[in-house]
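Here is the structure we will look at, set down as structure tokens.
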């Protein structure tokens, strides 16, 4: 940027801060309506600002010295000071303006006109019963303390004051296991209980501490020390504290000694990862979240009474770790999900249900079908994929080809979701690739189209034919005559029962490229077969429909509904067409297409059926109208 531009930028007007409701109220203050006299100076030079929690005693007197309201016990109050957050709490205008002028420990007397306290128009604070709100009053304020506040609940029922900063940024949450030293005082300073040398242990989310305390601890970092102020509405019964009905608020002093990360991976309590030794780095930034090469030691146990060990890499593999690439289906799904959320050096205990363990994965000896297992996993380290930043075009295309080849292998193994993820990963990276000349542009465009069609093939195998069509459209929008794009989309149309659209795509193949005529002709034959199958099954279901007389139309409709209830799915013939394979692979998969609902196949014939029903129903209605007209004429 030029120097002149920078200078000009420095003089640009700053964005005006939006006016708050308190700012609007301050504009109503007139000279002489609020007067202050210092009774006892405070200490230090700092004063509270917006966002600070202020703790103060307040005594309200009439101008002749009669006490009408006080927080002090010697003046008839409860002895519990007021806690407010400047800029957040509802306060009378005189204190909103006056308290920010005070220092810690200061006692000041504020003389207020009625409009500065409870007689203010639209005052957010209701006047206490004994306070004459239309009179001038003296407010004696002792500012006990102020500090930065962490607001843990919107209604200010839970506020935290940090005494010592913690380590890292992670905080406990359900269902973490927490160790903390906790002491408690009532709002007037009476000790409820002191912390013991041994930290208190509880499970987050199990109501083992008062709700407000748990909310506050949920904002703390490891080894942080803080005071958590909890008001009555958040003081729930728990094993830690019995709640007295007279208890208005409790101040908990908490030192968060340690917490163990426990994660419910599925949200239903079946797959649980429990960290038993911390790793190196910050969670989750230093975890192998993306596909990586991982090195782990692990021990597998059955969840029976004996905790039978069925494999231990340190014993059964001569202390050699297991090395695998994530995202390729090389380990059970539950195993991989949990290792992706581990830090190097971390040890975790994973409890896994059978459908995420070995029911969908080759079972090791000693593990029966339906077995729940537990793995103790130590993540030794991992290597992230090569960063494409700074690579030349050819190197980028080589890296893309490696990932695509892995995707093709996964596709042939029937792991369509994993294969799709590989293709989509390359497509995301391609968003940051800029070819430099025409040759690079052609290679890049062809590769991108091939990847889109591979994604479409995966979607088709996953029975998401509509998404498969949308993915093919990306290729055909870029290159309308793309033969493989037309073929793949035509097959998706067949899967969705949209036979006319499929026929158009196959005919277009022949029109744009004569060399594709054999493939297109085979596809059209397959299309004709599918149409015949759909029509045959529809005729079978609606057999006898058109043998009914007009007067039996209602009965026919009932018959259709009854027969429809018995229709579930129609078997589809196995697709052995070699053209369904991925580009440049030339290998068929062992997977067969699953069943699809009969309505998708039968729609072309059903349209004719509905048309016939409409015609017959029309004839009946016309007949009824003529009969009524003739009857009226001759009566």
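Using the three backbone atoms N, Cα and C, a Cβ is placed for every residue, glycine included.
Note: TrEMBL annotation is automatic and uncurated.
Looking at 544-568, 569-593, the range tied to region 'Disordered' in TrEMBL is 569-593. Residue counts for the repeat 'TPR' (483-516) under DSSP (helix as H, G, I; strand as E, B; rest coil) come to 30 helix, 0 strand, 4 coil. The helix, strand and coil residue counts that DSSP assigns across the domain 'PPIase FKBP-type' (291-383) are 14 helix, 35 strand, 44 coil.
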